[in-house]
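A.B. asks: Let me give you the structure first, and then I'll get to my questions.
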Amino acid sequence: MTNIRKTHPLLKIVNSSFVDLPAPSSLSSWWNFGSLLGICLGVQILTGVFLAMHYTSDTAKAFNSVTHICRDVNYGWLLRYLHANGASMFFICLYLHVGRGLYYGSYTYTETWNIGILLLFAVMATAFMGYVLPWGQMSFWGATDITNLLSAIPYIGTDLVQWIWGGFSVDKATLTRFFAFHFLLPFIVAALVMVHLLFLHETGSNNPTGIPSDPDMIPFHPYYTIKDILGFLIMLTALSTLVLFSPDLLGDPDNYIPANPLITPPHIKPEWYFLFAYAILRSIPNKLGGVLALVMSILILAIVPILHTSKQRSMMFRPLSQCLFWLLVAVLFTLTWIGGQPVEHPYIIIGQTASVLYFLIILIFMPLTSIMENYLLKW
C-alpha cells in the first residue's frame, strides 16, 4: 500500500514541500535562513496574538496596558520581550537571506525574488506599525516623523497624511488603525510566504556554485531537516539569551517615557533595522528627494536581475565581485551607524558619501565588474 503521506490530499502537499523535496547536495548554512524566517514569523504571530489579548489601542491606556502586561500578566514580560527582540532576529535573518540571494545569484529566479521584495516591504511596514503601539516618546515621534514624509508627494501629499492619521495629527485614530493593520499584516505575510515557496519549488533551489544541480539531488528529509533544526537551536538560543539577559539592548530608552506631543525627543530615530534607510533619507537635503531615495534603497533590489551581466550566476568564483559585495556590506554597516547619530559634522558628509556609494556599487560598479570578469575569462 502506498504511504499515506503520498496519497492524502493535504499530506502530499507537505510531503512534496518538506519531505521528498529534491534539494541540491551542496547547500551551505546560508540556505538555513529561509526556514529560520519561518520560525521567526511563527514566534511573532504566537507572541503577538497573546499580547493582543491584553493590549489596549487607546492613547490614554496603551502605555499603561504594556506596563500591565510586563508586571501583572503571567510571563507577560517574556511575551513582550520575545516579541520585541524576535523582530530584531527576524530582520537579522531577513538581511542575511537577501544578502545570500545577492551573493549566490538567486535573484535570477525573478518571480521568487520579486515576491521576496514584497515580503520585505510587508515585514518592514508591520515592524514600523508595531513600534508605534507601546505609545512611548519614540513611538509617537517616530510615527509622526515617518508618516509625515508622505506629505512630500506632490498635490495629494498633505491630504494623504491626514487620511492616514485620521485627523490633523498622530492621535487615537492613528493608534487604533495601526494596531488593526499590525495584527492583520503578519497573516498577509504568511500567505505571501506560501506564494514565495510555490514559485521556489517550481524551479528548485539554487546552490553555492550557481551551476544546475539536477544530476545531484538529495531528499530534503532527513538531510536538511536535521540541518535546519540545528539552525533553529542556534537562533532560539541567541534570542533567549538576548531576551533573558539584556532585553532592552536593541531598544530606545526614550520609549519608556509616555508619549507627549509637547516635548520632542533630542534625536528621533527608528529601530536599528531601519537605520540604513533612515540615513539615506537624511542624506538628501530635499524632502521629496529623500523619500524617493528611501524607497529606492529597497526597490533597487527589483532591478538587480536586470543588472546581472556576468556569464556566471554565483559570486563563488568571482573574486572582484566578491570584493564589491563585501564593500557594499561595509557601506550598509556604515549607514546603520550614521542613522543613529545626530545630524552634525562629520556624520552628515559620511552619510552622504555612504549613500552615494550604496547606489553606485549596485547600479554601476557591480555590472561593470561582471563585464570585466567575463573579458578576463575570455567569455
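Just so it is clear, glycine is given a Cβ too, placed from its N, Cα and C backbone atoms.
According to Swiss-Prot, the protein has these features:
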BINDING   H83, H182  heme b b562 binding site
BINDING   H97, H196  heme b b566 binding site
BINDING   H201  ubiquinone binding site
TRANSMEM  33-53  transmembrane segment
TRANSMEM  77-98  transmembrane segment
TRANSMEM  113-133  transmembrane segment
TRANSMEM  178-198  transmembrane segment
TRANSMEM  226-246  transmembrane segment
TRANSMEM  288-308  transmembrane segment
TRANSMEM  320-340  transmembrane segment
TRANSMEM  347-367  transmembrane segment
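Explain the structural surroundings of these features, please.
C.D. replies: In the structure as shown, the Cβ atom of H83 (heme b b562 binding site) sits within 10 Å of 20 other Cβ atoms. H83 (heme b b562 binding site) carries a helical DSSP state (H, G or I).
For H97 (heme b b566 binding site), the same-chain residues lying six or more positions away in sequence with a CB closer than 8 A to its CB are F33, G34, L37, G116.
Note on H201 (ubiquinone binding site): other Cβ atoms within 10 Å of its Cβ, all shown chains, come to 14.
Long-range neighbours of the transmembrane segment (33-53) within the same chain, counting only residues 6 or more positions beyond its ends whose Cβ lies under 8 Å from a Cβ of the stretch, are 69, 79-80, 82-83, 86-87, 89-90, 93-94, 96-97, 100, 179, 182-183, 186-187, 189-190, 193, 228, 231-232, 235-236, 239.
Sequence-distant neighbours of the transmembrane segment (226-246) (same chain, 6+ residues past either end, Cβ-Cβ under 8 Å): 27, 29, 32-33, 35-36, 39-40, 43, 78, 81-82, 85-86, 88-89, 93.
Cβ atoms under 8 Å from those of the transmembrane segment (288-308) belong to residues 98, 102, 105, 107-108, 110, 113-114, 117, 120-121, 124, 149-150, 152-154, 276-278, 280-282, 355, 358-359, 362-363, 366-367, 370 of the same chain, restricted to positions at least 6 beyond its ends.
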A.B. asks: Where, among 77-98, 113-133, 178-198, 320-340, do we find the most CB pairs under 8 A to the transmembrane segment (347-367)?
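C.D. replies: Selected stretch: 320-340, with the most Cβ pairs under 8 Å.
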A.B. asks: Given a separation of at least six residues and a C-beta threshold under 8 Å, show me what packs close to H182 (heme b b562 binding site) in the same chain.
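C.D. replies: Correct list: G48, T126, M129, G130, L133.
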A.B. asks: Sort out the sequence-distant neighbours of H196 (heme b b566 binding site) for me: same chain, 6+ apart, CB within less than 8 Å of its CB, listed by position.
C.D. replies: T112, I115, G116, L119
